[in-house]
């Protein structure tokens, strides 16, 4: 009997050892996954960044994938022109060519959210309105209302998009705007390590969904739209400055106890739009603390970078930053290579990389 028990005990011990070995393996494998949380206010460029990761480190977009964006491109175009038509009225601007009043009426009759065709009449009406000096003045005053960044890109290109057999290009896909609701994860494999990038909705109503994303975050990647310094928040009733809202969110994020051990990387995004806008919209008009020269892109972006970095009260916590243009694949390829090296360097031991 003792012999029998001994054999049973040995077998139980062997099973326990196997279980412990598997648990150690699972723990090690879990440590070889890096969770990167993309945060920032609405329209800061998070979804575009995810698309770039798919292009640079994933499977990209096949022709079939690209065809799937066709209707969304049409909807973005109709939405942009309707926003401009509404703003013409709000700003009491008139079309220089009276025939564009009829074009505007026709375009307003389209349901932008469900549009699935793009016909000759649409192109004629859009080109008429968009090239009208009255609407161009309206576009120049876009900080006074909410217009997507991609509006000009699409409206300048309606003839190409209307061509027979049109298939959206990668740039069309990067520019397309679909508000993120809920949480989107995009995992990709680099050097046998899984980078799991998590994009959450940036609008205020979406932020309550973030909470369960906060466990085991390797890095916070916080996106800032540099071009928003003179814009107000679409969700705000009191014309709150969009950059101030972004800074308030950033301050909250970097002080969360969940992120004590997470590195923080700041992406100062939309640098191309800032470079264009700073020539006519002066930073000091919106941020009186700015005492640098007017129309100076370098001075403006440095001031904004400092204003975010100064929010970090924990001087032990390192913040990293990069200036980015999320629609520029080569820029993101270069920046993410540096980010990846930083993250791996910070986690060498924990992720069994040494």
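For all residues, glycine too, the Cβ spot is worked out from N, Cα and C.
Per Swiss-Prot, these features apply:
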LIPID     3  S-palmitoyl cysteine
LIPID     4  S-palmitoyl cysteine
DOMAIN    32-354  domain 'G-alpha'
REGION    35-48  region 'G1 motif'
BINDING   40-47, 174-180, 199-203, 269-272, 326  GTP binding site
BINDING   47, 180  Mg(2+) binding site
REGION    172-180  region 'G2 motif'
REGION    265-272  region 'G4 motif'
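When the Cα atoms are compared, residue 174 (GTP binding site) and residue 47 (Mg(2+) binding site) turn out to be 9 Å apart. Long-range neighbours of the region 'G1 motif' (35-48) within the same chain, counting only residues 6 or more positions beyond its ends whose Cβ lies under 8 Å from a Cβ of the stretch, are 148-149, 174, 177-180, 184, 195-203, 210, 213-214, 216-225, 228, 233-235, 242, 245-246, 249, 253, 262, 267, 269-270, 324, 326-327, 343. A gap of 11 Å separates the Cα atoms of residue 44 (GTP binding site) and residue 180 (Mg(2+) binding site). Other C-beta atoms found within 10 angstroms of the C-beta of residue 178 (GTP binding site) number 10, with every protein chain shown included. Neighbour counts of Cβ atoms within 10 Å were compared for the binding-site residues 174, 200, 326, and the top value is held by 326.
Sequence-distant neighbours of residue 269 (GTP binding site): residues of the same chain at least 6 apart with a C-beta under 8 Å from its C-beta are 44, 45, 223, 224, 225, 226, 324, 325, 326. Considering only the binding-site residues 44, 47, 180, the Cβ with the fewest other Cβ atoms within 10 Å is that of 180. Packing around residue 40 (GTP binding site) is summarised by its Cβ count: 25 other Cβ atoms lie within 10 angstroms of its Cβ, all protein chains included.
Across the structure, residue 40 (GTP binding site) and residue 47 (Mg(2+) binding site) are spaced 11 Å apart at their Cα atoms.
Distance noted between the C-alpha atoms of residue 200 (GTP binding site) and residue 180 (Mg(2+) binding site) is 7 Å.
Residue 178 (GTP binding site) and residue 47 (Mg(2+) binding site) are 9 Å apart (CA-CA, integer value).
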